[in-house]
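**Student:** Got a structure for you, questions after.
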Amino acid sequence: MTPRIPTIAEIRASTEVLSPTDASATVVNVGKKFAVKFGHTVSPDEAEALKFLSSNSKVPVPEVYATLVEPETGITFIVVEYINAKSLADLWPSLEASNKLEITNQLRAALQDLRSLEPPSYLGSLHRRPLTDGVFWIPDQNPVTSGPFNTEEDLNEGILKRLAETEPQAHLKLLRTLMSAILCNHRVKFTRGDLQPKDILVKTTGSDESPRYEVWVINHQGPPENLCLTPQSIVFQPLTMATMASQHEPQADTSTAKTGVEESQSELPICDWTEKAEVKLRTKIDFTILPMLMLGLFALQLDRGNVGYAMTTSFTEDLGINNDNVNTGNQLMLAAVVIFEIPFNMVLSKIGPALWLIVQILAWGTIATAQAAVHNKPGFYATRFLLGMWEAGYLAAALTILASFYTRKEMAMRTTLVYVGNYCSAGVSGLLAGLIFRIPETSGLKKWQWLFIIDGLFTLVVGFVFILIMPRSTTNTLPLAGLKWFDLFNAEERDILAKRVIIDDPRKHVKLSGISPKTALRILLTSFPMWGHFGINVISITPKGGLVFYTPTIIKNLGFGASTASFLAAVSNFGVCILAILVSWVSDKTLYRGPLCLLCGVYSLVFSGVQFAVVGSSDVWMKYAILTLLGSGVAVSQSLNDAWFSINTEDPQVRCIGLALAVAGSNVGGLAGQNIFVKSDAPYYRNGFLKILCLYAASIVLVAGMIFYYWNDNRRMEKSGELEEAAGTDGSGGVKKRRVKNQL
């Protein structure tokens with residue numbers, strides 16, 4: 001219901017004057033409901049501009065109730081909603097950093113919404129009226145100098161003609177040269193001219209303990225308190241060098257799709273969506289992107305680990321090799337992973353992780369399938385090396401994609417779920433091998449050949465799924481195949497995808513760019529934390545390197561057949577899945593990373609000690625149970641360690657190289673693990689389990705060291721003033737480049 005509008009007589013009778021005595025217009029408060037602006041300089045255009053904003057945008061402006069004209073004097077009175085608030089200029093010094101960020105985010109949202117309005121085919125004031133800025137305004141409002149203008153060139157000419165009245169020709173000649181070179185080819189944007197902190201009202205709501213703020217855009221003509229005025233001029237104008245850098249938008253060619261490695265943006269986004277929309281989007285990511293990354297790692301481990309099951313068949317006899325040769329082949333594979341991990345991540349930084357994953361999957365899938373044709377030792381060595389080479393970098397690329405789609409508090413669980421693809425593969429590989437080994441050899445192919453063919457073809461199918469569905473990036477979700485009906489996200493979801501991770505962690509505001517060899521070397525030599533996480537992976541994954549290949553053989557030595565041993569060996573891999581998910585869930589809930597890694601190390605230390613103690617026992621099922629419990633704990637901390645590093649790393653290039661190094665560390669551990677179980681130690685492998693016991697003890701010490709490092713770094717930042725829990729602001733409302741607290 002519209003309130004009763006005050007009469008001109010009531011307005012003039014008001015004694016509560018809000019404007020200063022020297023203002024060009026008078027502003028008064030009438031009945032605590034209305035603010036009225038009037039005077040000879042007040043134009044009805046101001047009310048029209050305000051109504052336009054209210055109807056066509058989400059910019060927070062006061063409601064216009066009426067425009068009155070005094071017949072005797074011709075003075076215009078604009079009656080608007082009265083807002084009891086303070087100007088931003090007056091309120092700013094008393095605000096906390098978090099309050100400043102809330103206000104600047106609201107203001108940014110308002111200005112972005114204003115600038116997103118569809119511009120008309122001219123440059124000027126609303127409804128194709130002349131510009132009222134002092135640069136353009138003259139009494140007769142000559143269109144040549146006051147507008148409206150049809151093009152940016154006309155606008156520039158109008159500025160020069162107006163300046164010609166007061167400036168010398170030499171100055172005008174210089175200005176014409178500069179304007180012709182710089183003030184051209186800009187998008188036309190709807191903007192608010194001359195916006196200053198004094199032109200912004202901030203209304204405080206909520207409690208004193210937890211204040212909230214509402215921002216209103218006005219035109220300041222009075223004192224800072226209790227002010228409510230309409231914008232004086234709202235114009236369509238091109239962006240010039242005089243505006244903020246973030247507003248400078250030259251026309252760009254948008255026909256070429258992005259590769260997924262995007263340029264840095266100049267400002268932080270704001271949250272302009274509902275929690276329900278974000279939950280829905282996160283659920284979609286959980287059921288699309290995440291399963292695909294899991295599937296890729298599943299295929300990788302399937303092709304990498306199936307040789308352990310092939311060894312339970314006639315594989316070694318058919319190729320004329322022994323267990324030591326198999327160890328050498330696996331070491332060549334892991335060595336290739338270590339050698340190519342960082343170089344391939346440098347390629348990833350240039351072409352984008354999504355495209356690189358597809359290239360890798362198709363390459364190693366082809367090689368994995370071709371293993372079925374190997375018939376001698378050199379061929380075995382060659383295919384194992386090539387397989388490792390093309391698998392290098394997959395995990396780091398997958399984690400890079402993961403970090404671009406998920407926030408920090410979501411990362412540990414999702415990182416673990418990607419690794420679950422690895423763990424499940426190790427389990428399913430045993431089940432699948434057990435089924436494949438039941439295929440009769442009457443077809444001319446041996447059991448191990450069927451294993452390589454089926455596993456390799458599965459990988460190729462996964463590669464084609466990636467081509468059809470995997471988005472190139474959060475801002476360009478069109479798959480590599482270019483088929484729009486396979487695009488998983490709409491425009492609104494893409495907007496949320498691109499913004500939400502930056503809001504959670506402003507450090508991700510800087511996008512990944514190409515990494516040169518010199519940059520990679522600098523990062524490797526100057527980043528200490530990545531080497532700590534590298535060491536954790538090396539030491540804690542070394543036991544897995546031995547167990548993953550020899551568990552089927554150890555179980556077979558207990559007296560089981562090849563198929564039964566494969567089935568029984570699969571159980572511990574599913575145990576890893578359960579423990580890893582549980583640990584990551586607790587980690588995301590508590591935001592503790594290191595202590596959970598420490599707990600995993602203690603678990604493995606206990607069961608490796610028990611396993612060492614029972615190796616000589618004659619109780620087959622007890623030995624199998626302890627071995628399974630030990631196997632269920634291997635690599636549980638691997639995904640959490642990688643997530644821990646990723647969460648605490650600011651620079652995307654350091655994150656990319658560091659994740660590659662962490663994955664290389666896992667493979668170094670896997671490579672070293674090949675020497676844990678040797679032929680001379682069979683069948684009990686007592687010395688092998690003693691080595692595992694010592695390694696887990698060492699991993700506990702290293703994890704504790706990294707916890708201390710991050711704790712000490714947080715303490716140092718607190719003392720130096722570098723530390724801030726979230727994005728802070730500087731005195732002018734800009735975002736400070738401050739450190740975010742490390743998660744322990």
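Glycine is no exception: its Cβ is also placed from the backbone N, Cα and C atoms.
Predicted automatically and left uncurated, TrEMBL annotations should be read as such.
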**Student:** Out of 282-303, 480-501, 656-677, which range is noted as transmembrane segment by TrEMBL?
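**Tutor:** Transmembrane segment, as annotated by TrEMBL, spans 656-677.
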**Student:** Below 8 Å between Cβ atoms, which of the listed ranges 355-373, 385-405, 560-584, 621-644, 656-677 makes the most pairs with the transmembrane segment (689-711)?
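**Tutor:** Counting Cβ pairs under 8 Å, the winner is 621-644.
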**Student:** Among 385-405, 417-437, 621-644, which stretch has the most Cβ pairs under 8 Å to the transmembrane segment (449-470)?
**Tutor:** 417-437
**Student:** Determine which recorded stretch among 385-405, 560-584, 596-615, 621-644 has the most C-beta pairs below 8 angstroms with the transmembrane segment (656-677).
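**Tutor:** By Cβ pairs under 8 Å, 385-405 leads among 385-405, 560-584, 596-615, 621-644.
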**Student:** Sequence-remote contacts (6 or more beyond its ends) of the transmembrane segment (560-584), Cβ cut-off under 8 Å?
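**Tutor:** 309, 312-313, 412-413, 415-417, 419-420, 423-431, 433-434, 437-438, 551-553, 596, 599-600, 603, 624, 627-637, 639-640, 643.
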**Student:** Taking a Cβ cut-off under 8 Å, which residues six or more beyond the ends of the transmembrane segment (355-373) line up next to it in the same chain?
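**Tutor:** Sequence-distant neighbours of the transmembrane segment (355-373): 259-260, 296, 299-300, 303, 344, 347-348, 379-380, 383, 386-387, 390-391, 393-394, 397-398, 401, 445, 448-450, 452-453, 455-457, 459-460, 462-463, 466-467, 470, 472, 480.
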